[in-house]
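These come from Swiss-Prot:
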BINDING   84, 103, 105  Mg(2+) 1 binding site
BINDING   103, 106, 270  Mg(2+) 2 binding site
BINDING   106, 107, 108, 109, 198, 264  substrate binding site
């Protein structure tokens, strides 16, 4: 099987980007080990603190954030970091050429039940003019990413990665410590009969989304004329991994409970990297009003609605918005 380095070289990734990705993945391998220790190492449960999102931090949130932050700050390749667990950007090397945004442990509430969790990341070029503590440099649309991916900590530790030349999935060989290419050039099926959404929030959605989900649930007896299955992992990284492997549609739609938070998922380190992966695999990624990768961020923790997955099903979902106008 091909090693990560060989595939990155084949895809034309520059040397410094390859070295940065390897450095980031060294941190992810340490997170994978910490996660695997669980209660044996006393890393489960919550802390007494909240992050900038107002969410109670799990112990593994904090541990994972420190691992990635320390690893990247010492690398020499990164000018600054933005993280879900940090209020502000974290300055690194003034000579660094890249900016890294990450959710250190997506789905951390799943640690208590030994379910799927993962690390999501995106990488962009650092403007030469920026100071390492300047958050404005992160306010670039997702089209400017040079790499994005996630590491899934499940029965095996897997990496989904794109540098703009297709989406590849690698599996960590824990015997030798390297990521091996196991699923090259993933292509998401254009059609699907599976959907992922937290249906308990249905009353807070726009009427068009409520109508779309109602038609899916109506199955063969409804206007779609076929049965659909609902899958929900409660971790974006797990749901998107399933979509990449066998198709589907993932939705965290506009929610009218809080106008200041029109979506739940953060643009820079959740929506953008997943959108990049999905588009490079032949899928589609939208907010409901436009392409996720074209959203111009206004602040580093900005949230957006997400409709991601098999192209034809995403288009079908969006058509309900068009019909509601």
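The backbone N, Cα and C atoms fix where each Cβ goes, glycine too.
Note: the Cα of residue 109 (substrate binding site) and the Cα of residue 270 (Mg(2+) 2 binding site) are spaced 16 Å from each other.
Separation of the C-alpha atoms of residue 270 (Mg(2+) 2 binding site) and residue 105 (Mg(2+) 1 binding site): 11 Å, rounded to the nearest whole number. A count of other CB atoms within 10 A of each Cβ picks out 106 as the most crowded of the binding-site residues 84, 106. Close to the recorded Mg(2+) 2 site, the chain also has 84, 102, 107, 118, 119, 120, 150, 236, 237, 265, 266, 269: residues not among 103, 106, 270 whose Cβ is within 8 Å of the site's Cβ mean position. Under DSSP, residue 108 (substrate binding site) is assigned to a helix (H, G or I) in the three-state scheme. When secondary structure is read from DSSP and collapsed to three states, residue 270 (Mg(2+) 2 binding site) falls in the helix class. Cβ neighbours within 10 Å of residue 198 (substrate binding site), excluding its own Cβ and spanning all shown chains: 14. Among the binding-site residues listed (84, 103, 105, 106), 106 has its Cα nearest to the Cα of residue 198 (substrate binding site). A sphere of 10 angstroms centred on the C-beta of residue 103 (Mg(2+) 1 binding site) encloses 28 other C-beta atoms. Within 10 Å of its Cβ, the residue among the binding-site residues 108, 109 with the fewest other Cβ atoms is 109. In sequence order, 61, 64, 65, 83, 85, 102, 104, 106, 108, 119, 120, 269, 270 are the same-chain residues whose CB sits within 8 A of the CB centroid of 84, 103, 105, the residues recorded for Mg(2+) 1 being left out. In this structure the alpha carbons, written CA, of residue 105 (Mg(2+) 1 binding site) and residue 264 (substrate binding site) are 16 Å apart. Among the record's substrate binders, 106, 107, 108, 109, 198, 264, no two C-alpha atoms are more than 17 Å apart, and one pair sits at exactly that spread.
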